[in-house]
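The following features are taken from TrEMBL:
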| type | residues | note |
| --- | --- | --- |
| TRANSMEM | 6-24 | transmembrane segment |
| TRANSMEM | 36-53 | transmembrane segment |
| TRANSMEM | 65-85 | transmembrane segment |
| TRANSMEM | 155-172 | transmembrane segment |
| TRANSMEM | 184-203 | transmembrane segment |
| TRANSMEM | 255-274 | transmembrane segment |
| TRANSMEM | 286-303 | transmembrane segment |
| TRANSMEM | 323-340 | transmembrane segment |
| TRANSMEM | 352-373 | transmembrane segment |
| REGION | 392-422 | region 'Disordered' |
Amino acid sequence: FRRAHTLTVLFILTCALGYVTLLEETPQDTAYNTKRGIVASILVFLCFGVTQAKDGPFSRPHPAYWRFWLCVSVVYELFLIFILFQTVQDGRQFMKYIDPHLGVPLPERDYGGNCLIYDPGNGTDPFHNIWDKLDGFVPAHFFGWYLKTLMIRDWWMCMIISVMFEFLEYSLEHQLPNFSECWWDHWIMDVILCNGLGIYCGMKTLSWLSLKTYKWQGLWNIPTYKGKMKRIVFQFTPYSWVKFEWKPASSLRRWLAVCGIIFVFLLAELNTFYLKFVLWMPPEHYLVLLRLVFFVNVGGVAMREIYDFMDDPKFHKKLGQQAWLVAAITATEFLIVVKYDPYTLTLSLPFYITQCWILGIILVLTWTAWRFFIRDITLRYKEIRRQKQEHRHEKDKCLSNGDGHSALLEEPNGNKLRERKL
């Protein structure tokens, strides 16, 4: 039935597109016709994928919604591959086909400079530095971390990613000017206020979702209109709830997996800034916002697939399709950045930054070796030694009696005497 339904929808869509093209006279503009053909092809592919793609782990508001984003992931990955195989100039000018205002180099805004919280030299507004930093990216930071918390579902991992990204901004501010921020912008406005408040609200939402009673009832079986409206609203909440318990220190496999998740998250965050830098997109452009909306929808599915694969590898023998696509998209975006501006990426780190990263890597590797190798060997050795001591103590207790003779040596003689008596 599903296959027949798909063929019916595809047939209707194809007929509709053909009918539209036959009614109007085909324009002689090659670029316009090319864009129309590409858009029509994408629509047909999305229509096919929404009805035929494999279902993911989520079923609300509807499985077709998540199949749609899976197909969008494929389209976006193909677009990135196309951009990757263009020259730098052609790739930047190709963005004009999406928006004619693109393809023009834009100056980056420097968020550093005067870092005084209270500027006594400005009699009109001494707090002008704070007001200058309160732009549209402040609520974007808050909502972004609120949604990331709903995806990761772990306070520890969210805080690690939040703090690590600020360290990355410190380390890479010599490459991208907009990474240069004041210390209070890094740690007070970003980590504590925007990111921290978003993580807190996200954890409160997760707590509510974990305590919520999941008992679903058909819409037409609900007698009151208030109940029907409430049921429609709850259609956009999860069908059931799974609490993520990552337990990174429980085994080496989980520790490496969590480190890999953190690395991919940080790389995807950096790609946001480097892509708009190399493709000449202003930070407020709608394509940047659409990319973030895209990652919000596909990231939640990918995180659930990764957790299911880690938590029960016997049942989930393969990593989910959305997780593989997100990893491929993140890697392809990074390759575009490397190809389009290798000079910026190869700017050497300051010496003190290099020292800090080497020290941090050494500490992480040392802790990993101690936790999963040295500590286990030490605990195993202590356990074996304790078992040997207990066994020796029990053996000495069994072998010795009150006059110091061996009970085990006397036991056979006693048995022989009893046999003789019998």
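For all residues, glycine too, the Cβ spot is worked out from N, Cα and C.
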Long-range environment of the transmembrane segment (323-340) - Cβ separation under 8 angstroms, sequence gap at least 6: 70, 73-74, 76-77, 80-81, 83-84, 88, 91-92, 264, 267-268, 271, 274-275, 278-279, 295, 298-299, 301-302, 305-306, 309
Contacting positions for the transmembrane segment (352-373) when only residues 6+ beyond its ends and CB under 8 Å are counted: 170-171, 249, 251-252, 255
Top Cβ-contact partner of the transmembrane segment (286-303) among 36-53, 65-85, 155-172, 184-203, 255-274 (pairs under 8 Å): 65-85
Same-chain residue ranges lying at least 6 outside the transmembrane segment (65-85) that approach it to Cβ under 8 Å: 42, 45-46, 49-51, 53-56, 58, 91, 94, 279, 294, 297-298, 301, 321-322, 325-326, 328-329, 332-333, 335-336, 339
Ranked first among 36-53, 155-172, 184-203 for CB pairs under 8 angstroms with the transmembrane segment (255-274): 155-172
Residues from the same chain, set at least six apart from the ends of the transmembrane segment (155-172), whose C-beta lies under 8 A from its own: 145, 148-149, 179, 181, 186-187, 190-191, 195-196, 199, 202-203, 246, 258, 261-262, 265-266, 269-270, 349, 353, 356-357
